[in-house]
Amino acid sequence: MGETAHNHQQPPPPQAVVAPPPSSLAFSKGPSWTPAEQLNQLQYCIQSNPPWYQTCLLAFQHYIVMLGTTVLISRALVTQMGGDPGDAARVIQTLLFMSGINTLLQTMIGTRLPTVMGPSYAFVLPVLSIIRDYNDETFSKDHDRFVDIMRTIQGSLIVSSFVNIILGYSKGWGTLTRYFSPITIVPVVCVVGLGLFTRGFPLLANCVELGLPMLILLVICQYLKHSLSGARPVLEKFGLLICVGIIWAFAAILTVAGAYKNVGYQTKQSCRTDRSYLVESSPWVRIPYPFQWGAPKFRASHVFGMIGAALVSSAESTGTFFAAARLAGATSPPAHVLSRSIGLQGVGLLLNGIFGAAVGITASVENVGLLGLTHIGSRRVVHVSTAFMFFFSIFGKFGALFASIPLAIFAAAYCVLYGIVAAIGISFIQFSNNNSMRNHYVLGLALFLGISIPQYFVSNTTGDGHGPVRADGGWFNDILNTVFSSPPTVAMIVGTLLDNLLEAKKSSTDRGIPWWKPFQNRKGDSRSTEYYSMPIRLNEWMPTRYL
């Protein structure tokens, strides 16, 4: 049967041409950045040094930044102990003196990182527990109560120091850090900064007329340094010092003019430059000395709380050391360096107990944030800062003058400095797989619980130190309430457990282990020796296990 015009085959319809999908969303949106172990914007890294006149000014700026925490802790504790302004001045002097010693030791034979070692908030809860136990005792005068409490704190600090010494010099802490990965470090370092949010804007809000202008001025400095090229070096390096000077002068004018005569007690304490009478109460010259409050008292019930605080300070310092290494242009600290640093922190805690400091020590988060703000991670700057700590701790009148800076000014600075440290923690995620849902789960839970659990414990802690854990044993309560009130400690526990128990072997590459592993070994990265080796050939006579 032949073909007709009605039954011949029709040609197929034309197919629509589909463009191939872009190879990468990042490529379609713009350029991407490869992971960078070191920050290119640093002007001076850990081993390079600014000119001496800049070094001295930068060192003084470090002293001013760490002073706020010292004054805040002293104010919170000394009054409850029954001490007067003279006692508060002596406590501040002692804390400054011990900060100088511990900073010098840590930067010389500890981590060798440019970290200031200052008083730790982790010890506040155990100290409040000691104060609470003395409330039922009768004293002829408040000063006797203060001295007895200080002697008990001394004994507790001395005993608890051996926990850090054993953990560090037995290499136990270094063994623990081998279970870390970039996924663990991100939440730990983040909450080192974020966990201190209550010392930022909430403290600033106690004196808005000083704190808010200080915060705005700090932000304006960041804009001015880009628009005024000639002033950029000054604003970048000394912007915080300039802002403190301006707002402090403004606060002094308001105080003298009588602006705070008819205000509430809290406003006076937060705004006035003469709030604590530190200048009048401080001696002209006084050198802190061992057992200045008397022979230490040892009570087992108080020692356990201090042991919990010692463990917490170790966790906080570890997170701060990782942030400091990145902001100073160094590689991540190896396990053996972290071990010796925690061991040396135990020695510093022992010295704090011997000299009668009110609390123990930890690496100062705000001073590490200052490394990022100034773009200067020089070790020499921190070395020189200890000279200011020693000078102002010995010559009390001069030290008390700077201690009169209103706390709202420090709080505004902390809003910036803590934020920088938190952001540095986030930067560690670049060394792992950002697109792994498994990593997202670990990071999210560790971050959230690292903030949420401590917030619950802090919110349910009374003014006299009673936390939410209230079992029959006071020592048990002190340990748990102290440990779980620390964001870095909770984030470290949760992050380490999840990261090592949830598909750890199958996700080794996603976790960033290939990048991380060389930093764990003594000779895994040749640069580690350059950054962390001991000075003046100490390795020739000191046993290797302590290096």
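Sequential numbering from 1, following the chain as shown.
The backbone N, Cα and C atoms fix where each Cβ goes, and this holds for glycine too.
The compositional bias 'Pro residues' annotation in TrEMBL covers 10-23.
Here TrEMBL flags 1-23 as region 'Disordered'.
Marked as transmembrane segment by TrEMBL: 60-78 (among others). Sequence-remote contacts of a segment are chain residues at least 6 beyond its ends whose Cβ falls under 8 Å from one of its Cβ atoms, and for the transmembrane segment (60-78) they are 87-88, 91-92, 95-96, 99, 116, 118-119, 121, 124, 127-128, 131, 146, 199, 238, 240-241, 244, 269, 276, 358-359, 364, 366-367, 370, 374, 381-382, 385, 388-389, 392, 402-403, 405, 407, 409-411, 413-414, 417.
Long-range Cβ contacts of the transmembrane segment (149-167) within its own chain (Cβ-Cβ under 8 Å, at least 6 residues beyond either end) map to 81-82, 123, 126-127, 130-131, 134, 173, 291, 293-299, 302-303, 305-307, 309-311, 313-314, 339, 342-343, 345-347, 349-350, 352-354, 356-360. Residues or ranges marked as transmembrane segment in TrEMBL: 149-167 (among others).
Among the features that TrEMBL reports, transmembrane segment is placed at 179-197 (among others). Under 8 Å from some Cβ of the transmembrane segment (179-197) lie the Cβ atoms of residues 315-316, 318-320, 322-323, 332, 365, 369, 414, 418-426, 428-429, 431-432, 439, 442-443, 446-447, 450-451, 454, 486-488, 490-492, 494-496, 499-500, 511-513, 515-516, all in the same chain and six or more residues away from its ends.
Annotated transmembrane segment per TrEMBL: 203-226 (among others), in sequence order.
As annotated by TrEMBL, transmembrane segment applies to 238-260 (among others).
Marked as transmembrane segment by TrEMBL: 349-369 (among others).
As annotated by TrEMBL, transmembrane segment applies to 381-402 (among others). Remote same-chain partners of the transmembrane segment (381-402), defined as residues 6 or more beyond its termini with a Cβ less than 8 Å from a stretch Cβ, comprise 49-50, 55-56, 58-60, 62-64, 66-67, 89, 92-94, 96-97, 99-101, 103-104, 107-108, 114-116, 278-279, 281-288, 367.
Annotation comment: TrEMBL describes 408-429 (among others) as transmembrane segment.
What TrEMBL records for 441-459 (among others) is transmembrane segment.
Taken from TrEMBL, the feature transmembrane segment covers 479-498 (among others).
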Which of 349-369, 408-429, 441-459, 479-498 contacts the transmembrane segment (203-226) most, counting Cβ pairs under 8 Å:
408-429
Could you check whether the transmembrane segment (408-429) and the transmembrane segment (479-498) come into contact, where contact means at least 3 Cβ pairs under 8 Å with the two residues of each pair 6 or more apart in sequence?
no
Where else in the chain does the transmembrane segment (238-260) make close Cβ contacts, counting only residues six or more beyond its ends and a cut-off under 8 Å?
57-58, 60-61, 64-65, 209-210, 213-214, 217-218, 221-222, 225, 267-268, 271-274, 370, 373-374, 405-406, 409, 412-413, 416
